[in-house]
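**Q** Pasting in a structure now, in structure tokens, and then I'll have a few things to ask.
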Amino acid sequence: MSFFADLPKDNKKCIKIGSPLALSLSDCLACSGCVSADEAGALSEDLSFVLDLSPQTSFVLSPQSKINIFNLYREDGMEYREFEAVLSSFLRSKFNIHRIVDTSYLRSKIYEETYREYMATNHLIVSACPGVVTYIERTAPYLIGYLSRVKSPQQMAFSLVKGSRTVSVMPCQDKKLENGRDGVKFDFILTTRGFCKALDSLGFRRPARASGKSLCSMEEAETTQWNIGTSSGGYAEFILGKHCVVETREIRNGIKEHLLDDGRTISQITGLENSINYFKSSKTKGPRHKMTEIFLCKNGCIGGPGQERVNDVEMDIREYDRNGREQPRIFYSSPGLEEKRVFREVKAKRVDLRVDW
């Protein structure tokens with residue numbers, strides 16, 4: 001059942017036609033009322049901000065998107081830190097820039113707030129994936145009480161750029177679902193793919209090498225501050241670092257369980273099928289572990305469906321890990337970001353009772 005009949009879908013086929021059981025993260029899921037709540041918005045990219053370069057503009061960039069763009073555009077021998085300076089300089093040359101913020105700048109703040117929640121509850125579900133949040137709100141409301149209320153990196157970054165025209169660049173379409181809630185209202189939220197189209201239209205096809213002046217002029221907030229752990233944010237790894245891990249078990253591809261010395265377990269789940277199985281099993285048994293970190297994408301955020309896939313996702317993962325080892329420090333500022341996310345059960349509204357399979 002489609003909630004958005006007769007809306008253009010940019011030539012994308014409905015997942016119900018031909019193979020109703022074939023499901024991927026790039027498909028529209030609005031017909032089941034689970035992950036995507038806005039079919040039209042998820043399948044479109046508004047690039048109109050490139051038509052008017054004069055307003056004061058701020059960019060919020062995810063490190064996953066920046067790594068993907070780096071692997072698409074870099075010249076031979078160019079290092080990631082140099083590419084960051086090239087990208088920032090290019091944006092400043094084209095736009096009236098107020099601020100550029102890499103979302104990793106806020107990770108230490110997020111880790112600390114998440115750890116406080118972890119210590120105060122028996123069961124915690126941690127995710128900056130809006131697909132997870134939307135699925136739970138619409139399909140698994142019995143888990144709402146366990147969701148971490150700490151804002152996602154994109155939501156926290158908005159606090160640093162609001163007041164100017166704001167453009168956010170994220171690795172998946174579902175990050176648009178964070179807009180208009182919890183005090184967050186970006187003017188534009190683009191996938192990495194959409195941002196690359198904007199860069200191409202502005203002439204960013206073969207970036208010039210960065211000068212020493214460009215490298216020195218970058219603000220701390222606009223450079224990637226590498227996290228620990230996975231490409232999805234390192235929530236579990238940060239908490240595991242505060243405990244003694246007795247054993248780590250890989251249950252299957254995309255599911256890991258870490259047994260702590262106090263007898264409690266922290267689990268990490270990635271992938272759509274693994275995530276849905278977890279939601280379903282928790283309905284009857286409840287959350288089994290002290291904490292579960294969960295993301296819908298198979299490889300975490302680095303493998304988001306909004307990434308440009310000229311290169312294999314493994315290339316992005318290798319580059320992310322390599323640069324992570326080169327930049328071990330984490331910086332953050334604390335601009336009054338203690339506001340929490342608010343969750344609510346959402347009743348799926350049906351237009352009619354006709355199911356068009």
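Heads up, the Cβ atoms here are built off N, Cα and C, so glycines get one too.
Quick caveat, the model's predicted, so the values are computed rather than measured.
Pulled from Swiss-Prot, these are the listed features:
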BINDING   C14, C28, C31, C34  [4Fe-4S] cluster 1 binding site
BINDING   C129, C172, C297, C301  [4Fe-4S] cluster 2 binding site
**Q** For C301 ([4Fe-4S] cluster 2 binding site), list the number of other Cβ atoms lying within 10 Å of its Cβ atom.
**A** 27
**Q** Three states by DSSP: which one describes C129 ([4Fe-4S] cluster 2 binding site)?
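**A** The three-state answer is coil.
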**Q** According to DSSP, which kind of secondary structure is C297 ([4Fe-4S] cluster 2 binding site) found in, if we only use helix, strand and coil?
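**A** Going by the DSSP assignment, C297 ([4Fe-4S] cluster 2 binding site) belongs to neither helix nor strand, so it counts as coil.
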